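J.: Heads up, here are the entries from Swiss-Prot:
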DOMAIN    21-98  domain 'Ig-like C2-type 1'
DOMAIN    99-182  domain 'Ig-like C2-type 2'
DOMAIN    192-270  domain 'Ig-like C2-type 3'
DOMAIN    284-369  domain 'Ig-like C2-type 4'
DOMAIN    383-470  domain 'Ig-like C2-type 5'
DOMAIN    476-563  domain 'Ig-like C2-type 6'
CARBOHYD  ASN561  N-linked glycosylation site
TRANSMEM  574-594  transmembrane segment
REGION    603-655  region 'Disordered'
COMPBIAS  608-627  compositional bias 'Polar residues'
COMPBIAS  628-637  compositional bias 'Basic and acidic residues'
MOD_RES   TYR650  phosphotyrosine
MOD_RES   TYR662  phosphotyrosine
MOTIF     690-695  motif 'ITIM motif 3'
MOD_RES   TYR692  phosphotyrosine
REGION    695-734  region 'Disordered'
MOTIF     720-725  motif 'ITIM motif 4'
MOD_RES   TYR722  phosphotyrosine
Amino acid sequence: MLLWLLLLILTPGREQSGVAPKAVLLLNPPWSTAFKGEKVALICSSISHSLAQGDTYWYHDEKLLKIKHDKIQITEPGNYQCKTRGSSLSDAVHVEFSPDWLILQALHPVFEGDNVILRCQGKDNKNTHQKVYYKDGKQLPNSYNLEKITVNSVSRDNSKYHCTAYRKFYILDIEVTSKPLNIQVQELFLHPVLRASSSTPIEGSPMTLTCETQLSPQRPDVQLQFSLFRDSQTLGLGWSRSPRLQIPAMWTEDSGSYWCEVETVTHSIKKRSLRSQIRVQRVPVSNVNLEIRPTGGQLIEGENMVLICSVAQGSGTVTFSWHKEGRVRSLGRKTQRSLLAELHVLTVKESDAGRYYCAADNVHSPILSTWIRVTVRIPVSHPVLTFRAPRAHTVVGDLLELHCESLRGSPPILYRFYHEDVTLGNSSAPSGGGASFNLSLTAEHSGNYSCDADNGLGAQHSHGVSLRVTVPVSRPVLTLRAPGAQAVVGDLLELHCESLRGSFPILYWFYHEDDTLGNISAHSGGGASFNLSLTTEHSGNYSCEADNGLGAQHSKVVTLNVTGTSRNRTGLTAAGITGLVLSILVLAAAAALLHYARARRKPGGLSATGTSSHSPSECQEPSSSRPSRIDPQEPTHSKPLAPMELEPMYSNVNPGDSNPIYSQIWSIQHTKENSANCPMMHQEHEELTVLYSELKKTHPDDSAGEASSRGRAHEEDDEENYENVPRVLLASDH
């Protein structure tokens, strides 16, 4: 804090500069209240003379009176003022003429801090007694039954005074109250005004402060003292008889709010001035310059930056501030006794790029530097690869756009595109943003894609994105698979539909004429099949359709003709009939041979080389229930055939079915005797062969559907219904 060098001018202030002193208005008698009908004399005087020189102007309730004497008499109540040639208008004096019986009078003039005399007066004062005085409704102490009292150190407030008394009316005492009285207290001195030789002094120059006031000319003997302040700090030595304070040199620290106080030496009255703002001006700074490190203002995100602001000249404390284009508030501010200052910006970001300037201010006005551009290069962020296709699921032939974009990164940015680990190509984004690469899709384009971005500050790779290229189905081929070349009722028909190309899953639909038979979804290759147990109604045109969501493809039509007889029933019936016919033929042959043999044994029979007739009845017909044969080593005489036993050599015969129909073919080896009787029988040992054929019965109560179902259920078993058992031996073989 600088030392104050004070020069006190010991000249008391008597008047405010440039303002003429007020005229003085006096009353005679010196009471401001009188009874109605009485007269009061008004006297106008100036400071230099007891009476006014020249014309005197009188005003009653602000209206100019025609009287121009320095002394007048009045009988009307109101506010009176006067003015002379060498003075300004006096303060107003209110004179009251009361019609009341009791009045309260105050001595005039009365100034702030004076002791004032109050007098309670009745029209017939001799018959008035027991007077009491009140202030604001409260009785004043020691004021009972007094003709007059003194009120000490009055002030300019709104206090109301009145008095009460008893009036003698014949033999009665009547209490009477006066009207309230507001004492007209005049200012002892005016409110002070602080004046400075300059409100904006130059730093280092002197300044004079004056606390101006005006003492009432009617109280020239009153002594005043003065004190000056800056903000809340007392200047100089405190209270002084001089209203002036001279400061040899003003500095910026002396800027602030100034005010002063004036009081009587008795401390009875004190008044304060309004505040005045004084700012000390410095030698202005010049040639402000901004420098940036690293030199040139080229930075990479994450580096530190230093902004250096300097001035070529300027005095005192300088306030430096740094600013960026587009920001309202400054980046920083420093105040110091120096010609330069630095601002450190740590870990610069992309938002720190732009134009900068600095300002220097030493309480005069800020001086700005030139603009400097700062460039912050941003390494690319991890790019994001996105696919842009005409539809949600890409299809062969679609034009796919691969878009790679880094949300952060200084341009230019070079983007490279990859399928699996193979480079597809690259594209540059000169002004930032993303880049695209187009592909016309084939099935081979399915797989993982990625991209990377590089702006020279380090490449960044995207996450892999998987692409599945969907292949539309080709035209399907419908194949009919039946047990035989000709489809018959009861066959199990397989409809097989297959598209050789197309992405899975594929939904296959099967149609008979225009009716939908059903559908099957295939999640892998090989097509799909649909089975039908055929009836005559299944003849007609068949087709199928393949669809994987990219458009259905229809097969060519295949025609099927179903014949009316069931394949199983026809086979079994034919086998039964064939077996029966063969059995009859064998029996007939056996009978002929037997007859031939008997004919040869009879006298006169046929010779071995001749042909003789024989009766078929002479040959014994074998039993149809148990087949047998003759051992050729036995005697040849005729005897009954021994019963035949079958060897247990049955295979693939369905014993569980209760409805088989069997046919039996068997041959008999005869003895010599039998051979002679049955010449047509074979003479050599032969194996007896038995053919079994199962013929299914048709149930009368079966519907067409049930019959078809039965046929399908036993379709595989029917394939084993035609079997041969190799041998059946005669009992004699054992």
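Even glycines carry a Cβ here, placed using N, Cα and C.
Could you place the listed features in the three-dimensional structure?
T.: Regional average pLDDT for the domain 'Ig-like C2-type 1' (21-98) in the model is 88.
Annotation for ASN561 (N-linked glycosylation site): same-chain Cβ neighbours under 8 Å, separated by at least 6 residues, are GLN486, ALA487, SER539.
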J.: Could you say whether, by DSSP, ASN561 (N-linked glycosylation site) belongs to a helix, a strand or a coil region?
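T.: DSSP assigns ASN561 (N-linked glycosylation site) to coil.
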J.: Can you work out whether the domain 'Ig-like C2-type 5' (383-470) touches the domain 'Ig-like C2-type 3' (192-270), with the criterion being 3+ CB pairs under 8 Å where the paired residues are 6 or more apart along the chain?
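T.: With fewer than 3 qualifying Cβ pairs, these stretches do not touch.
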J.: With DSSP, how much of the domain 'Ig-like C2-type 4' (284-369) is helix, how much strand and how much coil, in residues?
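T.: Per DSSP, the residues of the domain 'Ig-like C2-type 4' (284-369) fall into 3 helix, 44 strand, 39 coil.
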J.: Give the one range among 21-98, 99-182, 476-563 whose Cβ atoms make the most pairs under 8 Å with those of the domain 'Ig-like C2-type 3' (192-270).
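T.: Looking at each of 21-98, 99-182, 476-563 in turn, the most contacts to the domain 'Ig-like C2-type 3' (192-270) are made by 99-182.
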J.: Using DSSP, what is the helix/strand/coil residue split across the domain 'Ig-like C2-type 5' (383-470)?
T.: 3 helix, 49 strand, 36 coil
J.: Could you give me the DSSP helix, strand and coil counts for the domain 'Ig-like C2-type 2' (99-182)?
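T.: Helix/strand/coil tally for the domain 'Ig-like C2-type 2' (99-182): 3 helix, 45 strand, 36 coil.
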